[in-house]
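Here is what TrEMBL records for this protein:
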COMPBIAS  86-96  compositional bias 'Basic and acidic residues'
COMPBIAS  130-139  compositional bias 'Basic and acidic residues'
COMPBIAS  152-170  compositional bias 'Basic and acidic residues'
COMPBIAS  181-198  compositional bias 'Polar residues'
DOMAIN    546-559  domain 'SRP54-type proteins GTP-binding'
REGION    86-139  region 'Disordered'
REGION    152-201  region 'Disordered'
REGION    230-252  region 'Disordered'
Amino acid sequence: VGFQKILTLTYVDKLIDDVHKEFRDKYRNEFQQKGTLGLLNGTFDFQDDFMRLLRDAEESSKVRAPTVMKTFEQSLKSQKTVKCMIETRGEKPKEKTKNKKNKGSKKEGTEAVAAPGKASAGDKQPSGVGDREELTKDEILQKNREEFFKRHMKAGEKSSKSPKPEAQKEKGKKPRVWDLGNSNTKVLDYSNSATNGSVEAGPVEEFDPEIALGDRNREPGRLYDLEYESDDEAEEEKVVQNPSKPSAKKGGLGGMFGMLKGLVGSKSLTREDMDPVLEKMKDHLIAKNVAAEIAVQLCESVAKKLEGKVMGTFTTVTSTVKQALQEALVQILQPQRRVDVLRDVMDAQRHRRPYVVTFCGVNGVGKSTNLAKISFWLIENGFSVLIAACDTFRAGAVEQLRTHTRRLNALHPPESHGGRSMVQLYEKGYGKDAAGIAMEAISYARNQGFDVVLVDTAGRMQDNAPLMTALAKLIAVNAPDLVLFVGEALVGNEAVDQLVKFNKALADHSMAQTPRLIDGIVLTKFDTIDDKVGAAISMTYITSKPIVFVGTGQTYCDLRSLNAKAVVAALMKA
């Protein structure tokens, strides 16, 4: 029973059934009288009966003869002759009529008319078979081939003459109509000069505003701070006055500082005291998506700041280093120059000119999407926006901005703003010079009285020299008020490389003595990283520029301002 795969016993199932029945029938009365206790305490003499059943089972298995595979002569296939394998012309149509009866009632009338002809062909069958018996096998095969080709040729002629249903005439793919999209789509033809360069507000689109806005209880026009809900960390363990007695508790600050609770008395800190804590701190920062180079520099700056500092009696090396790191991170995230977009837009209004913002960055980070979010935020603050479609390379870039324009006009219709369209799109299609389109858009905005111009550029890798030259040309020629680098929060070491090379390209390809560099950062996809917020540290550390906007979701309201303390709290979480 235990080794059926090794030793094949065919009688095991039968033996178990026989033993079960024999034991049950022999001791049935005893079970009923004594019950369960009698079954557990009783003794049963079943050895002889079991051996008898085992011998019977073994004998019965020996009596059975092993199954032998059939020979070819015993199979049904050997009884078939060449004559019965040959399909005659009289039999084939009969089989077709049987199959066609199941396909529909429309063909029954035509098959009924053709039935007499098929029957007459079947009458000629014996003579045809007799002729075939006189032929050799090669001749029979040759005739079968000829008849096969003739039948298929006739079938092809019949199918070509038969009328095709109307549904089959329309070939090719049909354009998909999305539920939330506009069904009246136009052909994407930009060769007509009437459409190129036109400023289209687009038809008003009706859709559910809940999908585009998300939270309906928000305050219109307000840019909320980034929030981070973290579990309250356990309080740092209390340190006794005796410096020689080390702390036994290890989980006070979690995995980052739990094992580094060495105490020092009233003495100055040395590099040897801080090295274990700083090494652990560096690994923690890298795990939180801070670029490795930045993490090393941060730890070095903290070590230089604390070296030689006199420690208090009730403080630990860990708590002192952690506090210094938090202060350094908050200082990094709060640069000296703060970008206040609304203030700058109002200042440009007083000078009767549009405020120009240029978005740049690598491919796929969300430039167009976050441009639409910023447009919505500006509209809710009462400013009119002109979007310049300067991404003339990526397929669908203009259509994406046109869709956002329609949605924004549906959320803020002209009727609510004195008949004025609050957002318009300036585009010239694809394959044109981006710098020229931006210049014309700014001139149009100045003439039409727009408050803000948002310039969307094509995504480009930082290593692509021709594209970086074109971006530097666009910024140098149009001199925007604000150059925003759009980067995603998912990057680690790549953030350093992107920002350094973007700034370097803008400096190298600029004609001015003081080249125009990146002024601020838009950090996107922040809702996808949980507490791995190191990209914010890396980007601000490299450029010393502020993070102006943070994208946190899929709706127009998912735009936040950076809260340095919330980011640092997430970064220091164990």
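Along the chain as shown, residues are numbered 1 onward.
From the backbone N, Cα and C atoms, a Cβ is placed for every residue, glycine too.
TrEMBL entries are annotated by machine, without manual review.
Among residues of the same chain six or more beyond the domain 'SRP54-type proteins GTP-binding' (546-559), those with a C-beta under 8 A of the stretch's C-beta atoms are 211-215, 218, 223, 226, 333-335, 337-339, 341, 366, 369-370, 372-374, 376-377, 407-408, 411, 484, 520-527, 536, 539-540. Mean pLDDT of the predicted structure over the domain 'SRP54-type proteins GTP-binding' (546-559): 90.
The DSSP breakdown of the domain 'SRP54-type proteins GTP-binding' (546-559) into helical (H, G, I), extended (E, B) and coil residues amounts to 0 helix, 6 strand, 8 coil.
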